[in-house]
Amino acid sequence: IRTGLGGDQSADTPTDLHSSDLDASSQESPLSTDSGSAAGPPASGDAAADQVGSVMPQGSKRLKESKLSHYGSDQPRLDLVDTEEDLKNTEYYVENDLRKIKPCFFKYQTFAKGRWLGRKERAIKDGRVKINGETVSKDYIIKNSDIVAHDIHRHEPPVANLPIKVVKKDDGVIIIDKPSSIPVHPSGRYRHNTVLHILMKDHGYKDLYPVNRLDRLTSGLMIMALSVERARKFELMMQRCEIKKEYVCKVTGRFPSGTTECHQPIHVASFKLTLNTVHPDGKACSTFFECLRYDLESDTSIVHARPITGRTHQIRVHLQWLGYPITNDPLYHDQEIWGGLNGQGGITEEAEKDAVRKLVERGTMEDEFDFASAASNADFVQMESTPGHSSQPEFCRICDLPSRADPEPEKRIMYLHAWRYQAKDWLFETELPDWAKESMLPGTETTATCTTGKPETTSCATDPAAATLTT
């Protein structure tokens, strides 16, 4: 849930306050905010998105004035959830190499939204939705600053049972290596199976300020500031383009040798789906790519990527436009959605609308794994079929929610890894994932500068005759 006054999440949100307005699949955690728009979901850029100040500090108490809502803002916000107490009541367990959370009751709370003010809401009458902690009559009229609460039985999706490695502790920050499948902060159906809550639960941290963010399926380096002052310093460095970012990814096809520059602008095709495409009216965007290794047998390439800007899904969208999508990208590598060319070279306005329509038809999904699940019809746990017994989904005895199948191993990962972040006085680096290690040959060296706002060419010592292809 968003802890701000007013502001609709989406134009498609129902106009009546039903219980679904406050359930786990439609509301955000009090620790998440938009990337500047109250109408869209929280951004999760693969290039870390570099959206500083997007996550509230953990550990704030109910109705206590918390830390600053944005690292450069002096406007305080209220945090409605006692996160520490919530974590104490959370039961983790491991099953099938997955970190799971025992279903439990959770109280969602939010300030009354603008569309609810001055109205009588029929969902109040059965007592499930309370106003300011009290059960009110069905004739109650919602007012500004009312706190609306709803108790639900929460079923949180599992994530890979992989450790979040603390790579380094340095001058008010911790550097971590985030595994694939784990979202950064509470949002949608995820709350405790998130980087922030796992660090609190397993490592004892309280207030954490993510400097960069990664998609749930993306792995790699994240910088966590331990104070708002330290976070502000990183924010200024990001704005001044003083932090150089390097990623590795695995793409389809033989990627061109030498350096490939992509400067295609990107815009949001759908805020609701967090879908982005190359568009002439989009925001300026630059990424430098270089092929590290090509595998003839699988017809795939390991590619080094240097995003100069930090747009949501920037690396993924640019690779799709170039015709070399990430091999297991569930969103940008799907010909059923993007057509025979899979979005190479861009798509028309009509094709973009059609892609959005197709994705919406797959159902209301919370994240990209759900899109992939819908495509394979693998959403629900099925009972074993026996003669005279039809397969039926299993339902929770408390809330009647159908169970979901455990995600298959290949659905828990995307071949995109945040490898190295570097500034004038420091360099943070993670280990390469297994799928990329073999590509980093001895003698390979990458360099990048961004002091004037224009990137210099990346060079690889193993390919001295590298040429530059500009797109």
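The backbone N, Cα and C atoms fix where each Cβ goes, and this holds for glycine too.
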Exercise. What range among 342-367, 446-471 does TrEMBL describe as region 'Disordered'?
Worked result: 446-471
Exercise. Per-residue pLDDT averaged over the domain 'Pseudouridine synthase RsuA/RluA-like' (173-320) comes to what?
Worked result: 93
Seminar exercise, completed: Within 10 angstroms of the C-beta of Asp215 (active site), the count of other C-beta atoms across all shown chains comes to 26
Problem set entry | Helix, strand and coil totals (DSSP H, G, I; E, B; other) for the domain 'Pseudouridine synthase RsuA/RluA-like' (173-320) | 28 helix, 57 strand, 63 coil
